[in-house]
Ligand SMILES: Nc1nc2c(ncn2[C@@H]2O[C@H](COP(=O)(O)OP(=O)(O)OP(=O)(O)O)[C@@H](O)[C@H]2O)c(=O)[nH]1
């Protein structure tokens with residue numbers, strides 16, 4: 001690929017509420033531009049991570065360069081697929097910074113939802129061209145008329161701008177490609193200026209070191225060039241670069257306006273900061289503004305199951321945070337668990353996904369403590385919504401049937417399971433998004449959970465005084481259900497200071513794994529014992545009690561009717 005005329009380049013992403021069909025539309029766009037073969041097996045091709053495939057959600061933004069001929073002229077369209085879940089909105093804002101336009105995708109049946117609004121404002125504030133696309137018009141209950149009215153009401157975009165499609169069947173998807181070329185402006189990149197690129201994503205490859213995804217804002221870069229990263233001022237030689245189609249496609253050069261990948265002998269995670277600027281060694285440029293650091297909302301301790309695994313886990317966490325820079329990491333240590341880290345996440349799903357990626361991509365086994373939210377402490381010594389200490393702030397009608405309400409909530413009330421509950425109470429109709437509203441004074445106390453008298457650090461929580469008894473009781477009951485019976489009786493207690501406020505008992509029981517091996521087959525015996533020992537690795541010892549490690553998260557999820 002030689003230099004591509006900048007006026008025939010378009011950088012865009014698809015933004016939408018979760019499940020409105022971004023990844024499916026991306027599949028169709030890839031097929032129609034020949035980036036991937038057209039088969040019925042193309043399902044969410046850009047969702048490459050194992051966790052994405054298992055959960056059916058997009059976690060990481062992915063990039064693909066597509067070639068599309070419009071009025072006889074070849075255009076280069078750089079598509080960035082973005083995640084829809086509220087916990088991953090940081091990825092959305094990063095993607096947007098490399099684009100000039102967005103496809104705002106709305107489900108023809110569900111209409112505008114919480115993340116549709118949040119993502120719209122991200123794009124709107126960045127002054128991008130917004131193309132409204134109404135998806136799933138093939139559904140029996142599709143009501144594109146109504147969704148167009150919502151788009152007019154809420155976003156002030158004329159209904160004539162909307163494109164009605166079915167990403168699943170491919171209906172009208174060609175019109176989307178045309179609109180991308182016709183409505184979105186090309187990047188304002190200048191090919192003759194000195195090279196300047198934004199690192200908008202990076203990941204660690206076991207064989208090649210750090211692979212940075214870059215958007216070239218000016219000039220060009222080629223193999224063998226000496227480049228500098230503005231953040232550390234360190235120089236590197238470019239070993240490889242190319243386009244993402246969506247597979248890596250090595251090229252000789254990358255030019256202004258293009259988006260691609262670059263490998264330049266960066267070995268350490270801190271060398272490829274997301275938001276960093278790259279330039280030629282002999283032609284320094286002013287660094288780009290970079291990104292606002294993501295604000296962690298949920299914190300949890302993370303420890304190796306065995307302290308000997310500490311160094312391995314440290315490098316796994318470092319490499320994974322390179323690919324997910326919204327996670328904050330601080331070293332921490334605990335009497336019971338040894339050396340570890342305190343990690344900050346954007347939400348609970350984010351934390352679970354991070355944990356799963358550590359296990360799947362880095363083969364790491366970790367103990368994660370119960371998540372907490374930040375509190376500011378002063379030391380001296382209605383439904384669902386009323387239950388969660390919510391205060392209504394404002395309300396706006398999206399159309400006759402839908403209302404958007406804003407509430408002020410204590411973060412700890414919504415972090416664990418509010419989203420799941422809201423969904424089930426409203427049969428899936430309600431949707432939810434949040435932003436930080438600052439600290440507020442509240443009557444909070446510290447509650448400990450004890451197993452046979454030993455406090456379980458990971459389950460210590462801060463609760464509202466009025467809710468201490470019911471929460472303590474519920475946690476004890478859930479612990480009783482989730483801790484397997486052991487050879488002795490276990491007392492499960494909740495306490496405030498020295499006062500016990502709830503108690504459950506787990507009866508004794510002996511699990512003899514050898515019971516089924518009648519005779520003396522020693523290898524079989526060893527196998528079973530080894531299996532049991534491996535099972536125990538997933539356990540954490542508190543005093544003499546073995547606790548399965550997933551208990552720590554599950555126990556704190558509330559179940560309300
Ligand atoms: N009937 C119908 N179903 C569709 C259409 N487009 C997508 N879907 C379905 O909607 C579901 C969600 O689609 P995805 O493409 O995974 O949605 P997404 O917005 O990428 O979801 P996240 O990446 O998790 O945010 C899948 O089951 C798709 O098959 C469509 O045009 N018609």
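Just so it is clear, glycine is given a Cβ too, placed from its N, Cα and C backbone atoms.
Annotated GTP binding site per TrEMBL: 16-23, 81-85, 135-138, in sequence order. According to TrEMBL, the feature domain 'Tr-type G' maps to 7-188.
Feature map: TrEMBL annotations on the structure.
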residue	record	CB count, 10 Å
16	GTP binding site	26
19	GTP binding site	17
22	GTP binding site	26
137	GTP binding site	20
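Proximity to ligand 1 at the level of Cβ atoms, with a cut-off under 6 angstroms, picks out 16, 22 from the binding-site residues 16, 22, 137. DSSP assigns residue 16 (GTP binding site) to a strand segment in the three-state reduction. On the 0 to 100 pLDDT scale, the domain 'Tr-type G' (7-188) averages 83 in the predicted structure.
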